[in-house]
Structure formats: structure tokens, C-alpha cells
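J.: Please find one structure pasted underneath; my questions will follow.
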């Protein structure tokens with residue numbers, strides 16, 4: 001594998017760390033800026049919504065741009081936005097910097113995937129993509145817990161500076177080792193919308209939105225949740241994120257295996273049932289069990305939640321691509337937007353629940369949303385669609 005792939009993976013690790021660390025940093029950010037936890041959670045919602053809306057537009061606008069230039073532009077802006085997060089004095093400024101970070105990440109991450117594919121022979125493309133996207137996955141295991149610990153001991157602004165340093169290292173390595181790569185024409189925004197409007201595609205994208213909304217209803221507020229219900233400090237919050245991330249690694253592997261060997265629809269019905277049950281059980285444990293029993297139970301459930309949740313993306317992508325393999329790039333980009341739209345809705349739903357005094361009930365709301373997603377999967381039988389002429 002070309003050494004330049006490492007720098008691309010480091011970039012996705014930086015983006016993932018900046019994204020997932022926020023779940024652990026919310027309490028200290030809210031306290032420092034003098035806002036409530038739900039308002040701090042809107043930072044996650046704004047990031048995800050901006051990413052979801054900007055990604056297809058930026059993909060169409062920069063399709064013909066030389067790829068290394070687009071990559072460096074995206075990461076350069078992400079570094080500046082992360083530094084801005086560390087320096088701005090108030091909530092409004094931090095919100096603006098998180099939106100800028102989302103726009104730059106929406107340019108960098110898809111471009112990094114395109115670069116990875118262009119750098120290797122066709123029979124190595126799967127491994128190259130796995131390596132680059134693996135940076136994002138690794139951020140859930142290492143980046144988010146470390147970001148939380150940095151925020152606890154050095155302040156949340158130091159955590160964003162650490163993310164900026166990771167991004168700067170990725171940009172420097174890409175500049176030094178990544179060759180210039182020509183762009184290629186991609187689907188226009190209108191072509192993407194025409195595909196998304198097809199009923200079979202719309203239903204699958206709605207499933208993606210709902211399932212991710214459920215998972216991130218709790219994940220977006222995992223830090224406040226474990227602090228408020230399990231009396232965790234910074235180290236305990238980092239442990240919760242670590243266990244969820246380890247479950248996620250298991251889930252990614254399980255999803256890859258299931259996508260090749262299982263009936264996708266049946267597998268997702270079962271995995272979503274486990275995901276919804278684990279989310280609801282987390283809330284029931286903190287409500288009904290004594291603290292000494294609730295802590296180990298929730299920690300185990302975090303692993304189950306991570307595994308059952310992160311096996312969803314790969315299998316759902318296979319379902320989408322099976323509708324029309326020639327449209328795979330467009331379908332996958334639409335699914336990425338649907339994913340972040342779900343994250344935004346989840347952050348909103350969690351914030352509304354907590355704002356209404358329902359911190360302990362966040363898992364129940366999350367489980368109900370996932371159950372809705374499972375019901376949508378159960379009711380739909382996908383049929384192939386024709387490719388765009």
C-alpha cells in the first residue's frame with residue numbers, strides 16, 4: 001500500500017476525533033460557556049446538518065478539481081476551524097466554527113476516499129478504502145476517549161487544538177507524499193436528487209436517517225448521561241466511549257461479514273432489534289437498578305450497542321448498491337448525507353428529551369426510534385431500479 005494512505009487515514013482519524021469527542025466534552029463545554037447541555041448538544045446537530053447538506057453540493061462542485069488540491073483545501077479549512085473552536089470566546093463563535101469544520105470535513109472525507117481508490121490497482125481498492133475509513137473507526141476507540149481525557153485535565157479548548165495538530169500533520173504528509181491526481185466528472189446535484197426521489201431509494205435513505213437518529217439520540221449526550229446517572233467523572237466518561245468504540249470495531253467487522261454472507265434485510269431486522277433493545281435497556285438499568293449493579297450492566301450494554309449499531313452501515317450500503325450497481329457512487333453519497341441527517345435529528349431529539357427533564361429516558365427515546373427503523377426494514381422488500389440514462 002502507498003505510504004500516502006497513512007496520511008489520508010490520519011486525516012479521517014482527526015475528523016472523527018473532532019466529531020466523536022464532543023459527546024464526552026459536552027458537560028465541560030456547557031459549564032465553561034454558561035449554556036445548558038441541550039444547547040451544547042446543538043453543536044453536534046449543527047455539524048451533522050451542515051455536513052449532510054453540504055456534502056452532495058461540494059461533491060458536485062469539486063468533482064473536476066485536482067484531487068490533492070481539494071484534499072488539502074478541505075483539511076486546511078478543518079485545521080483552521082479546529083483552532084477557531086479553541087480560540088473563540090463564546091457559544092455563537094463556537095457554533096460558527098463547528099459549521100465551518102463540517103463544511104471542510106464534507107470536502108475532505110469523500111475526497112480522501114477518491115484519492116485512496118486512485119492510488120492503487122483495482123484489486124487493492126477495497127483494502128485502500130478500508131485503511132482510510134479505518135481512521136474514522138479508530139477515532140471512536142482512541143480519539144474520542146483521549147479527547148475526553150484531554151478536555152477533562154487540560155480543558156476542552158486543548159482537545160480542539162490536539163485535533164488541529166492531527167489535521168495539520170495529515171495535511172503536511174499528504175502534501176509531501178500524495179501525488180497530483182486528476183478529478184473526474186461526477187453526478188450533478190440535480191442528478192443526485194433525481195435518484196434520491198425514486199421510491200425504493202427514498203425508503204432506504206429514510207431507514208438510514210431513522211436508525212442513526214436513534215443511535216445518536218444517546219451517543220450525542222453520552223458524556224452528560226453517564227455523569228448524571230452513573231456519577232462518572234472524566235475517566236469514567238472516557239471508559240464509556242472506549243467500550244462503545246470497541247463494540248463499534250466489532251460491529252464494523254460483523255457488518256462486513258454479514259454483507260457478504262447474510263440476507264441483508266433479515267440481518268438488519270435482527271441487528272436493529274438488538275440495537276433498540278440495548279439502548280432502551282441502558283435507560284432501564286439506570287432507572288431500576290442500584291448504582292453498584294447499574295454501572296457494570298451499562299458498560300456491557302455499551303459494547304452491545306456499539307456492535308449492533310456499527311454493523312448497520314456496511315449492510316445498508318450493500319442494500320442500496322444492489323438496487324442499481326451502476327449508480328453506486330451516487331447512492332453511497334446520498335447514504336452518507338442521510339447518515340449525518342440522522343445524526344442531526346438524533347442530537348435534536350436527545351436535546352429535547354434532556355431539556356424536558358428526561359436525562360434518564362434518553363435511551364428509551366433512542367430505542368423507540370431504532371424500533372421504527374427496524375419496522376421500516378421489515379415492511380420493505382427492495383426491488384432493482386434502472387440506472388440513469
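Just so it is clear, glycine is given a Cβ too, placed from its N, Cα and C backbone atoms.
Quick paste from TrEMBL:
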{"type": "DOMAIN", "residues": "4-385", "note": "domain 'Major facilitator superfamily (MFS) profile'"}
{"type": "TRANSMEM", "residues": "39-59", "note": "transmembrane segment"}
{"type": "TRANSMEM", "residues": "71-93", "note": "transmembrane segment"}
{"type": "TRANSMEM", "residues": "99-119", "note": "transmembrane segment"}
{"type": "TRANSMEM", "residues": "131-150", "note": "transmembrane segment"}
{"type": "TRANSMEM", "residues": "156-178", "note": "transmembrane segment"}
{"type": "TRANSMEM", "residues": "199-219", "note": "transmembrane segment"}
{"type": "TRANSMEM", "residues": "239-259", "note": "transmembrane segment"}
{"type": "TRANSMEM", "residues": "271-289", "note": "transmembrane segment"}
{"type": "TRANSMEM", "residues": "295-315", "note": "transmembrane segment"}
{"type": "TRANSMEM", "residues": "327-350", "note": "transmembrane segment"}
{"type": "TRANSMEM", "residues": "362-380", "note": "transmembrane segment"}
J.: Do any residues of this chain, six or more beyond the ends of the transmembrane segment (99-119), have a C-beta under 8 angstroms from a C-beta of it, and if so which?
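T.: For the transmembrane segment (99-119), the far contacts come to 2, 4-5, 8, 11-12, 15, 18-19, 46-51, 54-55, 58-59, 62, 67-68, 70-71, 73-78, 80-82, 84-85, 125, 128-129, 131-133, 136, 178-179, 181, 333, 336.
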J.: Among the recorded stretches 39-59, 156-178, 199-219, 239-259, 327-350, which has the greatest number of Cβ pairs closer than 8 Å to the transmembrane segment (271-289)?
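T.: Per the Cβ count, the answer is 199-219.
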J.: Residue list, the transmembrane segment (239-259) vs rest of chain: Cβ under 8 Å, 6 or more residues beyond ends.
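T.: Tertiary neighbours of the transmembrane segment (239-259) are 20, 23-24, 137, 140-142, 144-145, 148, 219, 222, 226, 232, 267, 271, 298-299, 302-315, 317-318.
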J.: Are there residues at least 6 beyond the ends of the transmembrane segment (362-380) whose Cβ is under 8 Å from a Cβ of it, and what are they?
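T.: Distant Cβ neighbours of the transmembrane segment (362-380) are 203-204, 206-207, 210-211, 213-215, 217-218, 221, 225, 265, 268-269, 272-273, 275-284, 286, 346, 349-350, 353-354.
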J.: So which residues does the transmembrane segment (295-315) touch in its own chain, when a touch means Cβ under 8 Å and the partner is 6 or more beyond its ends?
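T.: Same-chain contacts beyond the flanks: 137, 140, 211, 215, 218, 226, 230, 239-240, 243-252, 254-256, 258-259, 262, 264, 267-268, 271-272, 274-275, 278-279, 281-282, 285-286, 289, 339.
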J.: Could you pull out which residues elsewhere in the chain have a CB under 8 Å from any CB of the transmembrane segment (199-219), counting only those six or more residues past its ends?
T.: 23, 44, 48, 225, 244, 272, 275-276, 279, 282, 305, 309, 312, 316, 319-320, 323, 331, 334-335, 338-339, 341-343, 345-347, 349-350, 353, 362-363, 365-373, 376-377, 380, 382-383, 385
J.: Taking the transmembrane segment (327-350) as reference, which of 39-59, 131-150, 156-178 has the most Cβ pairs under 8 angstroms?
T.: 39-59
J.: Kindly state the mean pLDDT of the domain 'Major facilitator superfamily (MFS) profile' (4-385) in the predicted structure.
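T.: Residues in the domain 'Major facilitator superfamily (MFS) profile' (4-385) carry a mean pLDDT of 89 in this prediction.
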